[in-house]
Amino acid sequence: MAKALQGVMAALLTPFDHQQQLDSESLRRLVRFNIGQGIDGLYVGGSTGEAFVQSLAEREQVLEIVAEEAKGKITLIAHVGTVSTAESQQLASAAKRYGFDAVSAVTPFYYPFSFEEHCDHYRAIIDSADGLPMVVYNIPALSGVKLTLDQINTLVTLPGVNALKQTSGDLFQMEQIRRAHPDLVLYNGYDEIFASGLLAGADGGIGSTYNIMGWRYQGIVQALREGDVAKAQRLQTECNKVIDLLIKTGVFRGLKTVLHYMDVVSVPLCRKPFAPVDEKYLPALKALAQQLMEEKA
């Protein structure tokens, strides 16, 4: 299973319609588009998927639709994390039922939980996942939970934990984790340092911009396998030029707008309170979509 979890995993966006409801047809197209890019898997229902502005029923529906489109074709990881252990367990059970390959959960947030409470939270989810491996999700910038290296080392050695999504930007810590846990599947979480993350010991990555240019990240992996660091650096620079623009537009809404221009997503809106893309960025996003479509062709 560890080998199946390695690679380039797109953190899947969740399309909505003009009424802010789940757009299941756009979601199906997006899953197929990602498969067509040659990515290794999908990370479903995470930060990029706007999970925390969805109901539990909606999150289950997303898991079901993605499984219908992609089960058996690529690796599927269900992010089931919520601030509630019981709700996370419910989503983990759904992931097992729909045939996902693994579950993942962000550290419980908002309340100042003790570290032992964090551990108990993960143990309960792992139990409900009924044999599916757990990917611990460390993203201190959004969760507000700043785990120490010792705490990370403890979490990744809990029975049932097979992987870590490390979205901290700390490459030294990435290398320390790899050194301490040579068999752990380790994902780089920040797209803009993907190549550096691989050099620091990551097995692959989980990222939002893979939705529109997954082949570039696969190219970075291949270049490093071949020892061509200069090529990997060039590809990372091209990815980062895109990320520069998306930071200005707002990453999720910018990605949806690009996918709208690619005829993948019908409505380029995130769920409120996220606002639409500022119209001044639309020409640049349309040009980017055209460039990427030509590059992919």
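Note: Cβ is positioned from N, Cα and C throughout, glycine not excepted.
What Swiss-Prot records for Y137 is active site, proton donor, and it gives sequence analysis as the kind of evidence. Per Swiss-Prot, the feature active site, schiff-base intermediate with substrate maps to K165; the stated evidence is sequence analysis. What Swiss-Prot records for S47, T48, T167, G189, D191, E192, S208 is aceneuramate binding site, and it gives sequence analysis as the kind of evidence.
Positions of the features from Swiss-Prot, shown on the structure.
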{"residue": "S47", "record": "aceneuramate binding site", "CB count, 10 Å": "21"}
{"residue": "T48", "record": "aceneuramate binding site", "CB count, 10 Å": "23"}
{"residue": "Y137", "record": "active site, proton donor", "CB count, 10 Å": "26"}
{"residue": "K165", "record": "active site, schiff-base intermediate with substrate", "CB count, 10 Å": "27"}
{"residue": "T167", "record": "aceneuramate binding site", "CB count, 10 Å": "25"}
{"residue": "G189", "record": "aceneuramate binding site", "CB count, 10 Å": "27"}
{"residue": "D191", "record": "aceneuramate binding site", "CB count, 10 Å": "25"}
{"residue": "E192", "record": "aceneuramate binding site", "CB count, 10 Å": "18"}
{"residue": "S208", "record": "aceneuramate binding site", "CB count, 10 Å": "24"}
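Site extent for aceneuramate: the farthest pair of Cα atoms among S47, T48, T167, G189, D191, E192, S208 sits 16 Å apart.
Sitting within 8 Å of the Cβ centre of S47, T48, T167, G189, D191, E192, S208, and not among those site residues for aceneuramate, are the Cβ atoms of A11, Y190, I206, G207, T209. The shortest Cα-Cα distance between the residue listed as 'active site, proton donor' and any of the binding-site residues S47, T48, T167, E192, S208 is the one to T167.
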